[in-house]
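Taken verbatim from Swiss-Prot:
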type: SITE; residues: R11; note: site 'Important for substrate specificity'
type: ACT_SITE; residues: D68; note: active site, proton acceptor
type: SITE; residues: T69; note: site 'Important for substrate specificity'
type: SITE; residues: Q151; note: site 'Important for substrate specificity'
Amino acid sequence: MAFILGSGSPRRLELLAQLGVTPDDIRPPDIDETPQKGELPRDYCARVTRQKAEAVTSNPEDLVLCADTTVVLGRRIMGKPRDAGEAAEFLLALSGRRHRVITSVALRKQDRLWQKDVVSQVKMKRLSDEELNAYLATGDWEGKAGGYAIQGPAGALIPWISGSFTAIVGLPLAETATLLQTAGYPLYKDTAS
């Protein structure tokens with residue numbers, strides 16, 4: 001049985017390492033992540049994660065783990081910004097407000113799929129022009145849902161969260177561990193030999 005991480009995210013790889021898990025292979029799927037018309041944010045996140053898990057090629061005995069993280073303000077899905085201008089637009093919309101971060105994680109083995117969605121609340125402080133421009137200049141917004149990463153410089157902009165910190169980063173560890181154990185992955189195998 002091979003364990004395949006269906007994600008190119010270095011953050012997910014680092015989070016898996018906290019569980020003592022090293023993927024045998026990394027195969028980021030290439031799927032269309034465009035929200036469907038009228039699709040609710042949690043449904044969108046779950047669908048994209050499921051499609052990612054189904055898109056990764058694997059052998060029948062392999063385990064494939066995929067996840068998707070979505071930043072949501074009201075019903076607005078904030079994906080990865082195309083450029084600094086869109087990142088600024090996202091951050092200004094989030095400034096001084098609470099929003100949701102939804103992370104869906106899926107584990108597939110053959111035709112079996114285990115999936116869990118985790119919804120966390122995040123409050124971003126009211127950003128001054130100086131803070132916004134300084135953060136944009138770091139480039140840390142690139143490739144990040146909502147235009148920020150809580151585990152980087154943007155952590156200074158987040159005074160409050162409710163939920164799972166690791167889910168906000170990109171992979172809810174408690175839920176991921178449960179999925180791995182449910183699928184028979186030897187998560188806490190004896191390493192003292």
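Placed from the backbone N, Cα and C atoms, the Cβ positions cover glycine too.
The structure displayed is predicted, hence computed values, not measured ones.
Where Swiss-Prot records a feature, it is marked here on the structure.
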residue : record                                     : Cβ contacts under 8 Å, 6 or more apart
R11     : site 'Important for substrate specificity' : A149, Q151, V169, G170, L171
D68     : active site, proton acceptor               : E33, C45, V48, T49, K52, T103, S104
T69     : site 'Important for substrate specificity' : C45, V101, I102, T103, A145, A167, I168, G170
Cβ neighbours of Q151 (site 'Important for substrate specificity') where a neighbour is any other Cβ within 10 Å: 16
Helix, strand or coil at Q151 (site 'Important for substrate specificity') [DSSP, three-state]: coil
The residue listed as 'active site, proton acceptor' - helix vs strand vs coil (DSSP): strand
